[in-house]
Each structure stands twice: as C-alpha cells, then as structure tokens.
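Here is what TrEMBL says about this protein:
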REGION    141-194  region 'Disordered'
COMPBIAS  151-164  compositional bias 'Low complexity'
DOMAIN    198-250  domain 'PHD-type'
C-alpha cells in the first residue's frame, strides 16, 4: 500500500489533519464520483480486499499489508465479499462507516506515535469533527442537516417572501458560477453566504464557497464543485439536465 507511515510522517495536529482530510477526500471519491470504478474493482471472486485513502487525495482497492504489525492501522478487510449480498446503497454505506473508523484510527495512531498531549489530541479531534463523516456524505445526511440548519436560520431571520426569492435565485444559478464581488450589496452577499455556507459538495464534502463554481444534479439534487465532477462554467451552459456521476452510473447499470 502506498502512503504508509514510512512515506509520510506528520508531526503536528495540523499535519495529521491535512493527512486525514486528504485520505478522506480520496475515499469519498471512491464512494461517489468514482463509484462505478470502485464497484468493479471490488470483485467478490478476488481475495480479501480493502479500501485505502491515500495522502494525495486518491484511493485504491488492494490486499491488506503482509507485514505484521502493519505500518499503519488496516482498514476493514473483505469489503468485496459483501458487495453482491446486499443493495448497493447499503453496501456503500457500510464501506463508508468502516472508512470513517479507519481514518480516525490512522489519525490517532499518528497522534500516539508522535506523542501528542491532551491539548494536541483535543485540537486534532476538533478539526476532524468539523468535517462531515464519509457516511454522512455518501448517504446525503450531511446535506439534509445543512438544509435543516439553513431553513431554521432563514425562518428566524428572513420573511417567507424573501426566502422564496433567494431560493429561486440560487436554483437558477445552479449551473452558473456564484456572483462576483460587486454584483450585489454587501448585505446581500452576507445573507447569501449565511444561507448557503453549510451546503456541502457531494463529492469531496467541503463547504460552499462564494468564489467557486458549483453545479446541482437534477436527479439527486446534490451540489458539486465543478472541479470535482469535471464540469466547467462554459460546459454547464450547454447542459439542459445535469446528472452527477453517481446517478449516471446507477441508471446505466439499471
């Protein structure tokens, strides 16, 4: 397996968090935008396989490490055996849960190895806890929670009419880059960021940012960074109905 402890040695909580975030991004890709490729690699006819997230934000399905004990904690073994024995959605959710557990074990393995004290461990956990879990991203739980927080905030701060207009404006802009600075008043920009700041990318799980191009899937209604799904603003202009990689591959298999 690439990206072992011998290859990458984070020394501070911030270093470990960067490693955690990169591995997490790779595993989210495997379970969302690269799900078709991941599904095919998890052949039940093969030996025990594991899903690894790597420090360069990529992923791989491979056999577990041969050396005992391994350089790093090992992820769940034999994920391929359960693939055909349950619904794909449930199988992906199961892999996501085990992936979350593995990421935490790797992060705190580094913490123990490099002697993090109580405050350092607390800081590391706080940074990790600020991100939605892989399970939440894969199942859409994080998106639902974001909508609930947004709706609650909107109810307390804005009238129903204003909410409706802003929602309509946001939907129409789904395939367009967010407005540039100077396009509206400072107050409107702050309200827009407040309402959509908790929106999460369905691929990488990161929050909405006002300076990035986003696109919404017309099937599952998840939002994605254009760069995560390889869609540019120019290309989006010519798409009448956008389907994310996950929805496209599900339809193809059906």
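The backbone N, Cα and C atoms fix where each Cβ goes, glycine too.
Where the annotation comes from TrEMBL, it is an automatic prediction and has not been curated.
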- Item | For the domain 'PHD-type' (198-250), mean pLDDT (0 to 100) | 82
- DSSP assigns the residues of the domain 'PHD-type' (198-250) as 10 helix, 9 strand, 34 coil
